[in-house]
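Visitor: Pasting a structure here, questions to come.
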Amino acid sequence: MSDRHWLEITTYSDHVGFTISTIANFTLLFLLAVRPTKALGSYRYLMISFCVFSLFYTSIETFLRPLIHIYDNTIFVIQRKRFDYSETTARAISSTYCGCYAMSFTLFAVHFVYRYYAACKPDNLRYFQGFYFVSWVLGAMLVAGSWGFAAFVLYPETERTKAALLHVIKTSYDLDPYWIGNVPYSYWRTENEVEYLNPRNVIGILQHGVIMTVSFGTVFYCGYQTHKTIQATRGVSDRTRELQNQLFKALVLQTIIPTFLMYLPTTMLFVTPFVGLNIGCYGNITTATVHLYPGIDPLVLIFLIKDFRKTLMKSMCFWSAANRRIDTSATMKSYHLSSSKA
């Protein structure tokens, strides 16, 4: 496959991801507004926060049209500019995109903490109310901001990365360098034709690795503990238990989906240049999978939570019936007008 084909693939995945994300997240926001299930408690506000963030993240992705290319032991997170702005601005926007990526799985881990508290330590749900809830969201934003700041500060362009990027965009994508911005994740520096690890860059990748490890570990620990507790719980109402089971099924899918769409691709992305595997344009596999994630996650909740599913079906049936009544009314009116003229 030609490298340039990835321009079409990532554009297509971006359009598909943006469409699904917009429809799914607005649908979930609608369901949360018209069907505020009391048993969800503060989790409802977490879902609203995630929907709003996902819409913002999808918009940033669509604006940037990102590409990820690995060459010369460097991960190039490339943006294709839509407007003429400075390199510093382009770098800041690319770093914001990197931060949004971290925000997505940090908020995801917070979801699992809430479910863990709801199933295993319900008294701790007070830590998701009022100021505490705001603290969780601000904490996730702080983690995302630290990721974006590290991308901006710890991965500056060098003569080596500039030369490598020019080679990539010329030979692989045939793009105009003036309309390109990037963040170069490069682990190595060259002195006297000898390669050395760049301590500054290694600090950045360790920071990224810690955030991913803590997030992923939280998801699996909380998910496992929640599963054990739900299976052992008997002293709750049938409705509460049913909702807990629905949320657990969603939890399982919401573990599997980001594992294959985010965690594993990103881990491979960071490991390959470190061990000298320059996979080139195939780094865009991560670009494509990340495009799809913000839209798929809310679909899990929409179709697995019965109240949401029923409300959506009723709304669709009502809308369909209303359209039929309008069509029938218009047909009858047309018929009467035709009869009066005859």
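Cβ atoms here come from the backbone N, Cα and C positions, even for glycine.
According to TrEMBL, the feature transmembrane segment maps to 15-33, 45-64, 92-118, 130-155, 205-224, 247-265, 285-305.
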Visitor: Six or more residues beyond either end and a Cβ under 8 Å away: which residues meet both conditions relative to the transmembrane segment (285-305)?
Guide: 9-10, 13-14, 16-25, 27-28, 31, 37, 47, 50-51, 54-55, 57-58, 61, 66-68, 101, 104, 108, 243, 246-247, 249-250, 253-254, 257-258, 260-262, 265-266, 268-269, 312
Visitor: What parts of the chain pack near the transmembrane segment (92-118), using Cβ distances under 8 Å and only residues at least 6 beyond its ends?
Guide: 41-43, 46, 49-50, 53-54, 56-57, 60-61, 63-64, 66, 77, 79, 124-125, 127-128, 136-137, 139-141, 143-145, 147-149, 151-152, 181-183, 208, 211-212, 214-216, 218-219, 221-223, 225-226, 244, 247-248, 251, 254, 258, 262-263, 266, 290, 293-294, 297
